[in-house]
Amino acid sequence: MRMRLKLKTVFVLYFMVSLLGLIYALMQLGQRCDCRDHAKSKDQQISQLRGELQKLQEHIKTSQLSKKTDVPRIYVITPTYARLVQKAELTRLSHTFLHVPQLHWIVVEDAPQPTPLVTDFLAASGLTYTHLYKLTPKDRKLQEGDPSWLKPRGAEQRNEGLHWLREMGAAAKGKEAAALEEAVVYFADDDNTYSLQLFEEMRYTYRVSVWPVGLVGGMKFERPVVEDGKVVRFHTGWRPNRPFPIDMAGFAVSLRLILTNPQARFDGDAQMGFLESSFLQHLVTMDDLEPKADLCTKVLVWHTRTEKPKMKREDALQKQGLGSDPDVEV
């Protein structure tokens, strides 16, 4: 009996709410509307739908690119060293690389042996990778408080990556050797920011391709200046008379060219700003450079740097024996 009363009560309430809704709707039919607000609302909806459609199209394009297997492979050499932001930098970089088809990441640690942090990170990255290590000699290392430009950085690690590529090239046969003929090598520092378009620009490099780099050398950008399809000089604020006044992020090299020029390597003793030139001068002349990124008018890579974290409170807590758990990896 109680159940019947409850059901009846529910039915009556539902009927009353529906009736009130119907009455309200009928009343609105007689009201005047502000057509301007209505039109504005429609415009906003159309704009929102267009934005969502564009995002969907970009997602589909990226998904299709990531499935490509018939394009030249890009070998990316990244020197890295232990510091508080290392894992954060590698994480950001790896998430970019996951969207680039046919990419092989060569990570070279500045260490006497592979570290657990980088080993575990790469194993979980989802990327095709090679993990190497090469310790920088003490006399070539920057000391605490030294400016970043005082000594060339990453020369030994980049050379170790080149050595690995040359050994792989010497052992390759048949289809594998033919694929290496089309491959490209790029030197990507772990703290820079890279557009996905950059990798498609460099993918079809015949000898050495070049493009602008943003936020570098105390300028908004540095870039090769192109006239009649040829690089004729460089827009740079410092030592424009260098053989190749270009940032490490501003060029890619054909692997074929590297394999046929075994003497090409980075000089760890090069003077400030000449590290790139020490490598490129063994491979090409200015006339050989291939301008990309709409004849070097678009910036697709930025020489960003992560701020060094301030550990003042952490240091104070450690002195009290209350520091963060050292077993938690950052």
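Each Cβ is built from the backbone N, Cα and C atoms, and glycine gets one as well.
When the ranges 58-78, 226-246, 310-330 are checked against TrEMBL, the one recorded as region 'Disordered' is 310-330. For the UDP-alpha-D-glucuronate site, whose annotated binding residues are PRO79, THR80, TYR81, ASP110, ARG153, ARG158, ASP189, ASP190, ASP191, HIS303, THR304, ARG305, the maximal Cα to Cα separation is 20 Å.
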